[in-house]
């Protein structure tokens, strides 16, 4: 079964996210469990936690179809000691919040070397940050999102993601989320049937489908290999609808959250329906 949804607002409290997801016809959703633009946030309130769980159950959202995203400020590979510690503290808080909410995954961008360290050194630092956090928590999988490779951001090749996973001690608690726009921008052709087949053959060989926990479904404003991260509404970018049809009919992407992060939120109900229509085409 395909679980399509979007990254919905949790303004006013995390308990509002499942309501917002239900209202757009989503079968999955993503959210921020705290303010993504601040280093520190107020702890989750007991009534918010209770309502979140109650509403998820009422609307049929199993933890396996909810993919929370961490703060954009966090850089688990930060070459600066102070910045690294702030990132690790914030990541631990994010992971703890997921635990409190009964969630099973936390999606994050791996990190950036900021032009101050070697790539492999930064990748090892990211893995070390994950290990430190997993040792202090339980039950939540650290889900690495591939990036477009913009600036000094790492995690844009499958080899870099595999490098991090290889150094994570608890393999049962690390996974991957593939963003379609990032994948294209990083140089993987997923627009044509041939390119799509080769990209995911390569992913399976280097990383392994056993690690895939979810996807972000975004069309792209930028071309193949641009290394620029710019999302577009489904079917309105350079990717075209064929990519998303191939994902929707491929059983390898069943039973995981498929999350829209497209720029026009007003189109989300329409985009969700459009994606489900691909199953019948």
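Cβ coordinates come from backbone N, Cα and C, glycine included.
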Exercise. Out of 22, 109, 113, which is the one Swiss-Prot records at the Zn(2+) 1 site of 69, 145?
Worked result: 109
For this session: Have a look through 80, 89, 93, 179 and flag the one Swiss-Prot assigns to the Zn(2+) 2 site that 145, 216, 261 belong to.
Result: 179
Exercise. 229, 231 bind Zn(2+) 3 according to Swiss-Prot; which of 50, 182 goes with them?
Worked result: 182
Exercise. Which state, by DSSP, holds residue 109 (Zn(2+) 1 binding site): helix, strand or coil?
Worked result: coil
For this session: Write down the Cα-Cα distance for residue 179 (Zn(2+) 2 binding site) and residue 231 (Zn(2+) 3 binding site), rounded and given in Å.
Result: 10
Exercise. Ranking the binding-site residues 145, 179 by other Cβ atoms within 10 Å, which is at the bottom?
Worked result: 145
